[in-house]
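Positions annotated as region 'Disordered' by TrEMBL: 1-29. The domain 'Malic enzyme N-terminal' feature in TrEMBL is assigned to 158-344. For 181, the entry in TrEMBL reads active site, proton donor. Annotated (S)-malate binding site per TrEMBL: 234, 494, 538, in sequence order. According to TrEMBL, the active site, proton acceptor annotation covers 252. The divalent metal cation binding site feature in TrEMBL is assigned to 329, 330, 353. Feature annotation from TrEMBL assigns domain 'Malic enzyme NAD-binding' to 354-607.
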């Protein structure tokens, strides 16, 4: 009788070579060898690797070669004390191909492909188009009444059929954006330990200090162009979610691909796990992260945190090179500003909470000027919230005013006022302020409440970045409307429950005169017979196109002028039709085109500043950007 080992070594094992009978039927020979090998009772033995050939199914080959006639395979018969080696094969077909999310097409495999790739019988007979698959999944998603169920269904789809996931998201972006990102992603992060199925990124923890480079090498892709990394300390407006913040990098990178066209294989989500101060998570049996107090970046564990980040940043540059974009996401204030300032000089880094939010809000303000009139310098701005988002937006507004008026940046900052939890930021508080707040301390008497600040400063623009819901009260909105014909009110905090006010409140309390935008999506509002469609100041307008522009230009650093270019380009996309509906942002249905234009503007600025390395510069950057964008249409397989 032929042994399994002999069968593996036999020339008959190689597909396409004939047996001793000289039949020349490679497929038949393979089946015969596997059949004869499967008849052997294989006892627990040291594991071995069987040479596989192209197009051989990993699951099929390994299982049939090691199965026992009466008792299963080697792993089935081995005790827990006997180690086994998890051999795998690189070329997928058959059963393995159907479980490879990068190449699986489900029922869309053609008859020819089913024969060529050993799928016959593994699928029902029907052959359907990708468009019909999209239609079916959308039908199924709409049956769910709970948004988190839709999120989980989308993540399951991404894990089994990548191209179908992105096709679905691109074709239904307005409906599905709130599912894969805010606000649903916030709930997903809160419950990430319970819904966790399989890792979708890399986890770098304090346990990995000294071997972060080895951890990065475990990721199968080497041509990484965009990394989104979080330490989970300030997830949206939900606070410290520790390791469960991974939902944010995963969601952001899904949008980099769907909206910006960056290849999925070039995207890498990473969570830096340094513990959590969330007692509920530390006591949760399903929590997936380190069960220890957070190394926050403050003394006494400051050194440990920053040593890990230093090792991580160095390892990223070493393994992926100078031109990988590292996007910091949802770091707490005390680390976010320091990390951005430190690494912007040596790495290609971008903080979406500070810079991305600022860029999209500035675009909204530039667009709103077409409704309310005046120039950016002629308006007065009041922020509720002086963290990453608030100060980031404020600085970009001041930079744009300085660019337009040629005035010093210090003078331009005086048009912008910020109010934090202790009241208006004024000169008398300067000594006790954090460094990133000090530029916004202006001469004014102390004011403790938002209503008093509104009545005293009389801003034309009110922007909420506080993360505290219901803080734009009826009295505040009515005060804004009392001295502004068209008050500009941006309620930007996420998720929806943390929004400073709803669209309905803003329109009703301002007698329908507010120019409103929010961070989370709100339904249209009817006031006095007119339908108002609130604009969503969503970072997804900016960062996918911004990232694409950085990638196609080969930029090595991010410059503030690149952010201004992105804002101006986005503002130009809003039309009179949008304004008549009450929205200052273009519809998301055009987001791929918008992203290509933003990418072209960002790339052009990178070339102008001498930061681009992909030479020569393409003549038509917008067409070049579009040509570089990933499309999720199924490929035909040989």
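Just so you know, glycine gets a Cβ as well, placed from its N, Cα and C.
In TrEMBL, annotation is done automatically, which means it is predicted and not curated.
The two recorded residues, residue 353 (divalent metal cation binding site) and residue 538 ((S)-malate binding site), show a Cα separation of 11 Å. Listed recorded positions: 234, 252; maximum Cβ neighbour count within 10 Å falls on 252.
As a whole-number mean, the pLDDT of the domain 'Malic enzyme N-terminal' (158-344) in this prediction is 93. Using a 10 Å Cβ-Cβ cutoff, residue 538 ((S)-malate binding site) registers 26 neighbours. Restricting the recorded positions 181, 494, 538 to those with a CA within 10 Å of the CA of residue 329 (divalent metal cation binding site) leaves an empty set. Residue 330 (divalent metal cation binding site) is surrounded by 26 other CB atoms, counting those within 10 A of its CB over all protein chains shown.
Within 10 Å (C-alpha to C-alpha) of residue 252 (active site, proton acceptor) lie the following recorded positions from 181, 234, 494, 538: 181. Residue pairs drawn from 234, 494, 538, the listed (S)-malate binders, are separated by up to 18 Å at the Cα level. Non-local contacts of residue 494 ((S)-malate binding site) by the CB criterion (under 8 A, 6+ apart in sequence, same chain) comprise 182, 183, 186, 236, 237, 519, 520. When the binding-site residues 329, 353 are compared by the number of other CB atoms within 10 angstroms of each CB, 353 has the fewest. Annotation for the residue listed as 'active site, proton donor': same-chain Cβ neighbours under 8 Å, separated by at least 6 residues, are 251, 252, 254, 255, 540.
Each of 230, 234, 235, 248, 328, 331, 336, 351, 352, 388 belongs to the same chain as 329, 330, 353, is absent from that list, and has a C-beta within 8 angstroms of the C-beta centroid marking the divalent metal cation site.
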